[in-house]
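As recorded in TrEMBL:
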DOMAIN    9-78  domain 'Release factor glutamine methyltransferase N-terminal'
DOMAIN    115-197  domain 'Methyltransferase small'
BINDING   Gly123, Thr124, Gly125, Ser126, Gly127, Asp146, Asn190  S-adenosyl-L-methionine binding site
BINDING   Asn190, Pro191, Pro192, Tyr193  substrate binding site
Amino acid sequence: MEQWTISSILNWTRQYFASKGIANPRLDAEVLLSHIMAKDRLHLYTNFDQPLTAEELAAYRQAVKRRVMRMPVAYINGHKEFMGLDFVVNPAVLIPRPDTEILVEAALARLSGIPAPAIADLGTGSGAIIVSLLANITAAVGTAVDISAEALAVARENAGRLGVAERLTLLRGDMLVPLAGKTFDALVANPPYIPDKDIAGLSPEVRQEPRLALRGGSDGLDFYRRLVDKGADYLNAGGFIAVEVGINQAGPVAALADDDSRLNRETIIKDYAGIERVVIFRLSI
Ligand code: GLN
């Protein structure tokens, strides 16, 4: 039987993945192998000559096969790190992106002065946004809305694993609809924002993510229109709305709060790549 070591199998996989057009071949190999070995990536580097057991090799081969089918690494491992927390994920939910941490940080900064803030997350998916907000503000209470029962099951599991389940209410429904009659200090959302015509051009990996979490209508702005139109009814005095937006959407989204709106545009925040990524609205007084 072949004797694969950590070093030799990573080198082999890097070349194999690269030949299949996978964008980050070495990184993906390391993340898959470290998950199977239940070690962090540093362990791989300090144990390069360690041979793989037969069980590890069998599990790793399966993972490599799935990755070559363009399944995202996070779905293969069933986990994704976000805001320093470990979230479970599956193909029913969008994989949390580092960009979305900008949204969470912006909300945290604005909630810090409020004693026991009430926060609603619309289209929660894995629950990454609301669960990390509740994990960081121990007095906060949250409501997570999603139209997908499968997504809510993932959000529930993450809330339990990360110790915030008692402060989180999960509601099935379409964005603001299940919140009728309730008000919050903050509404947060990373809604579907990909314009319909751009869906076909997404990477094979992103095309394995739920369409429900991606499709934002003809110009990608359908959900922002609804949110800016009705969101003010769901805010407490001084409350705000923080939304993630796609490339070149910040201006048009901010402009949805026109002169007649009960919302004011507060600011636009860029991500680490310099892309306008988050729009904040405030309830006008
Ligand atoms: N950030 C995702 C992407 O670029 C889109 C997420 C969304 O539509 N909210 O694929």
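Using the three backbone atoms N, Cα and C, a Cβ is placed for every residue, glycine included.
Since we're looking at a predicted model, the values are computed, not measured.
Shown here: features listed in TrEMBL, placed on the structure.
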| residue | record | Cβ neighbours (10 Å) |
| --- | --- | --- |
| Gly123 | S-adenosyl-L-methionine binding site | 22 |
| Thr124 | S-adenosyl-L-methionine binding site | 30 |
| Gly125 | S-adenosyl-L-methionine binding site | 30 |
| Ser126 | S-adenosyl-L-methionine binding site | 27 |
| Gly127 | S-adenosyl-L-methionine binding site | 30 |
| Asp146 | S-adenosyl-L-methionine binding site | 29 |
| Asn190 | S-adenosyl-L-methionine binding site | 27 |
| Pro191 | substrate binding site | 21 |
| Pro192 | substrate binding site | 20 |
| Tyr193 | substrate binding site | 25 |
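For the pair Pro191 (substrate binding site) and Gly123 (S-adenosyl-L-methionine binding site), the Cα-Cα distance reads 6 Å.
Excluding Asn190, Pro191, Pro192, Tyr193, which define the substrate site, the same chain contributes Gly123, Ala189, Ala213, Leu214, Gly216, Phe223, Val243, Glu244, Gly246 within 8 Å (Cβ to the Cβ centroid), listed in sequence order. Among the binding-site residues listed (Gly127, Asp146, Asn190, Pro192, Tyr193), Asn190, Pro192, Tyr193 have a CB atom closer than 6 Å to some atom of ligand 1, in sequence order.
On a Cα basis, Tyr193 (substrate binding site) lies 12 Å away from Gly123 (S-adenosyl-L-methionine binding site).
Distance between Cα atoms for Pro192 (substrate binding site) and Ser126 (S-adenosyl-L-methionine binding site): 14 Å, as a whole number. Residues Gly123, Thr124, Gly125, Ser126, Gly127, Asp146, Asn190, recorded as binding S-adenosyl-L-methionine, reach a greatest CA to CA spacing of 12 Å. When the domain 'Release factor glutamine methyltransferase N-terminal' (9-78) is classified with DSSP, helix, strand and coil residues number 49 helix, 1 strand, 20 coil. Tyr193 (substrate binding site) and Thr124 (S-adenosyl-L-methionine binding site) are 14 Å apart (CA-CA, integer value).
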